[in-house]
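Here the structure comes first, spelled out in structure tokens, and everything after it is commentary.
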Amino acid sequence: MIENWPKKPEGSQWTDDQWKAVVANGRDILVAAAAGSGKTAVLVERIIKKIINEENPVDVDRLLVVTFTNAAAQEMKNRIGEALEKVLIDEPGSQHVRKQLSLLNKASISTIHSFCLQVIRGYYYMLDVDPRFRIANQTENELLKEEVLDDILEEEYGIEDNTIFFELVDRYTSDRSDDDLQRMILALHTESRAHPNPEKWLDKLVEAYDVEGKTIEDLVYASYLLEDVKFQLETAEQHIRKATELAMLPDGPAPRIETLQADLALLGTLSSAAHESWTSLYEAMQNVSWQTLKRIKKSDYNEDVVKQVDSLRNKAKDEVKKLQEELFSRKPESFLRDFQDMHPVLEKLVQLVKVFTERFQAMKRDKGMVDFTDLEHFCLQILSEQSENGEMNPSAVALQYRNKFAEVLVDEYQDTNFVQESIIKFVTKDSESEGNLFMVGDVKQSIYRFRLAEPGLFLGKYKRFTQEGLGGGMKIDLAKNFRSRHEVLAGTNFIFKQIMGEEVGEIDYDADAELKLGATYPEGEDVAAELLCIQQTEEEVIDGEEGAEVEKAQLEARLMAQRIKAMVDSGYEVYDRKNDSMRPVQYRDFVILLRSMPWAPQIMEELKLQGIPVYADLATGYFEATEVNIMMNVFRVIDNPMQDIPLAAVLRSPIVGLSDEELATLRAHGKKGSFYEVMSSFLKGAPLEEEQELHDKLEWFYNLLQGWREFARQQSLSDLIWKVYGETGYYDFVGGLPAGKQRQANLRVLYDRARQYEATSFRGLFRFLRFIERILERGDDMGTARALGEQEDVVRIMTIHKSKGLEFPVVFVAGLGRRFNTQDLMKRFLLHKDFGFGSQFIDPRKRIKYTTLSQLAIKRKMKMELIAEEMRVLYVALTRAKEKLILIGTVKDANKEMEKWLDAREHSEWLLPDHIRAGASCYLDWIAPSLYRHRDSEMLLELGQGSIPDEIYGYDTSWKVEVVDGNTLLAPEPVQEEKQELLEALREKKAVPLESERKDEVYDRLMWKYGYEEATSHRAKQSVTEIKRNYQSEDGSDNAFIKKLRAPIKTRPRFMEKKGLTYAERGTAVHAVMQHVDLKKPITVEVLQEQIAGMVNKELLTFEQAEEIAIEKVISFFDSDLGKKVLAAKSVEREVPFTMMLAAEEAYQDWQGNSGESILVQGVIDCMIEEEDGITLIDFKTDTIEGKFPGGFEQAKPILEDRYKVQLSLYAKALEKSLQHPVKEKCLYFFDGNHVVNIEE
């Protein structure tokens, strides 16, 4: 079958492996695509080749393409569409290609959740679900869970003789709350839903604790821990062997050798026992006895070597002591008793989880909603059926999908979970050797385990499949990287060849996994990768862990700011592939990658201080924003005014504006009771004269508050929020503060959040406040409104997770000295997909607790998985760089850390010892030991090659390794220091001598006058109507502009307003009719009535406006000479908008500024008739004429001419400028009285 694959065309851009991935067929195929290897292009090309295959073309809707995100799915569709359009250019007559383009929008190219949704919509009748279901909001989901769980526990507490439940409560709750028990139930529910059969997985948890008739050797936990014990004993042996080598040196402590050999024999005995059984090792551990070291005269030997030997021996003894205390201080039978004792309690816990799942599903069903895990499980339910022996087999629907899909292609396969794998399995062929499943991914970039992704699925197939595809699936390695320079790739390879292995890291970083150069770059300067390790001296360290973290962030931020500024200022060059040339680096070429975002605000602040534009999509800080915080307190007070802290916050805020003294005065009126009660009491009495202002402020707020509370009971939450914004004027107020637009955007987001909340199944202010609390509890704070867009020339800061799939010319990876987050390992209970449930053994009667075997096994397993995940995260970070990679980390004591890292230099294999890699607590613990074995670290270490093999020491990679003194970074710059001194002098109101060389410049700045002061009182943009009014005013000033700054006059309440349209609204209605009336139809009452009715239907007019139209006046116009001219004309334009620049002195009579100033003028011309000899301009007027002027129209005419002369002159000027055609006639038509006025110049 391989021979039948199309051969790669001559001169093809594809590599051999890429071409194989494009055309290989006839079996399941796994493509291991390294970073930057062009996997998306390969995937698209494979799809195109299948669609346009001459012998066996496949319709695009017979392919299922599963992507990780909706954006990736859309990009895939776009790429396929573009490729098909290119084919169509070469084959314009191809009906097949045209058909594929029409099918593309309906093709199954989507995320797995979108596919599930499609299946459920098609077969909803097979489920107990409302076909009109909606996807639940995450916070709404959490609140529903809380509600269901509260009900279940309340019922359980009310059952008499519920012994096991109360034992469960005693073991896993505190005396204050049952929060821990609730967390356990929810965690078990969530974990179970990551498995195809949640109930089966839960049952296995309970079965694991039923140890009746079993020995400790039968337990999976003991088997796993024994492997770990072997690992630790091997580490202890390595320490003793290293100590022995040192003792044998010419100046080493030779008398120690005999003792060390005895130690090796002891460790050998323990290791042999570990290979036999747990019981054998337990017995051996009881007989451990270390020989006492012989006294030696230290002056006879090298003191440093003696210290190293003794230190290494103590490390080995500590390893064994730790094992003795954790695992072998208790008899094997006592561990079994723990399991048996916990079995009924765990059984009860699992029963509660099952009840919770059932009730939660029922509540969602009643509310017509589903969550994302439901989509997967409902889809699986449709696609599978259970056999008699409990196995899941494909259903009739699944078989239909199997027949429909010619191939299923899965992108980012390494991030698939067990449920998704089952769904894919049911819509593809059974046999891997004859399968139709094409999977693309890179297990080294699997970094979503926290979302329950399972990299083991990829690894299992990678180990099982062969490159030839004989007897099973085929694997193809795409190792060529078309993104990065040699220096980036070689640097990454050098580190990962040393740290990533199967035992520690889950993946062998072998020759197949290494990145291979595929991109071509011109020679560049300063392209070596860098490791900058900042030494944080004792003087710099702020007390407390949090303070130290802030200090580290500041140090690294300052170093990065200096480097970025230096690179930009020096014109550092990067390659522009589009233009095939080098160009100076821009800010947008830099990215700063962080493991998580807590440091981002400090880094942003430091970069801004250096004048570097920076952008970070911060998912925090929204609810901390002052304006949002104040508004949230207002809503808390509306919900419950008896809350003192929120009420005091609102009273002190700009909304009420009390000072500290006024707040104290209010409290002095009632030392007992809540602030609200004191305020109510204060308002009932007559205020003292000096308290009148305080009384007025509180009375104003109190009346508003009562109105809001009443409104909240009857109206929607979103309406309440906007009402509060409007009545307090707070929305407008924050708009006038610095960053006003952003603050207003934050308030609008709060309003939008309320509308989203109202779209859920919850209602009311109280539940909304709880809704927000849940968001904050989950750590899902939103980012504040964006001030800088992502496309601007800015340095970007983002998490490594967010950067996946992106690339940047220059990459800083910062925070490499931060400790890995191991909080999950510290929880009171642990869960694992394979090992189930583990917690401490708690005996409430004896008041004792201790670690169990299951907890130790799960903790160790999770630690190793965490280490592997962090390695993959580091790999993703390093492979984002195209041209320059700079790694930065901070340590408290560089000398001490170096001593630890230098241990790696004694190791002669590529892969560092397991204990070094598994014992890492931060990324630097992997990177530094690796680089300290390379020749480029010599400038720092000056230790020579030593025993490091040539292939490692001289590996073809370029690095700059440097330790940076933190003191030099924190030293104030001279300018800043001078500035600080000046500020301090000014605060103390001292005279400041201007000794600076720039004193003349300072004087000039202080005495400077704005050269365009006249322009500040006149608008730069005017409408024609405003210019007309301006000419009519006495002094020509822009009163309308100034009026906007005046306090508004309160409008009457609506119930007191007179009904009917205003003059302006009537005029607008008439103009609308004149714009839309059909000039080709006869102008009669019936025709006009019909047309006006049509305008109402199209919402061009309101019903009220239509009622006010005087149809006879419209007919009168068309009966006039001017109207007949309009009807007879060949070219008539109506409602013609225009914009033009006008000299300021023409627009403003009082203009005294620069003669070169211009303003932008906008207007709309009602009607124009274009004829060969010129344009007739018509402006319709609805002014009242009849009865207003005693002298009739003859008196009105000169007044009207004067009033509108400027307006029509501007219209004429605009038309003549734009159309290059003269205006021969300017007419005003007044509907009141059917009058025409010709405006002459």
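Each Cβ is built from the backbone N, Cα and C atoms, and glycine gets one as well.
Record features, source Swiss-Prot:
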| type | residues | note |
| --- | --- | --- |
| DOMAIN | 12-485 | domain 'UvrD-like helicase ATP-binding' |
| BINDING | A33, A34, A35, G36, S37, G38, K39, T40 | ATP binding site |
| DOMAIN | 505-805 | domain 'UvrD-like helicase C-terminal' |
Overall pLDDT for the domain 'UvrD-like helicase C-terminal' (505-805), taken as the rounded mean: 86
Packing count at G38 (ATP binding site) (other Cβ atoms within 10 Å of its Cβ): 22
Assigned conformation of G38 (ATP binding site) - DSSP reduced to three states: coil
Check: same-chain CB within 8 A of ATP site center, minus A33, A34, A35, G36, S37, G38, K39, T40: V42, D442, L478, N481, F482
Assigned element (helix, strand, coil) containing A33 (ATP binding site), judged by DSSP: strand
Densest Cβ neighbourhood among A33, A34, A35 (binding-site residues), 10 Å radius: A33
Winner by Cβ contact number (other Cβ atoms within 10 Å) across the binding-site residues G36, S37, K39: S37
Other CB atoms within 10 A, centred on T40 (ATP binding site): 17
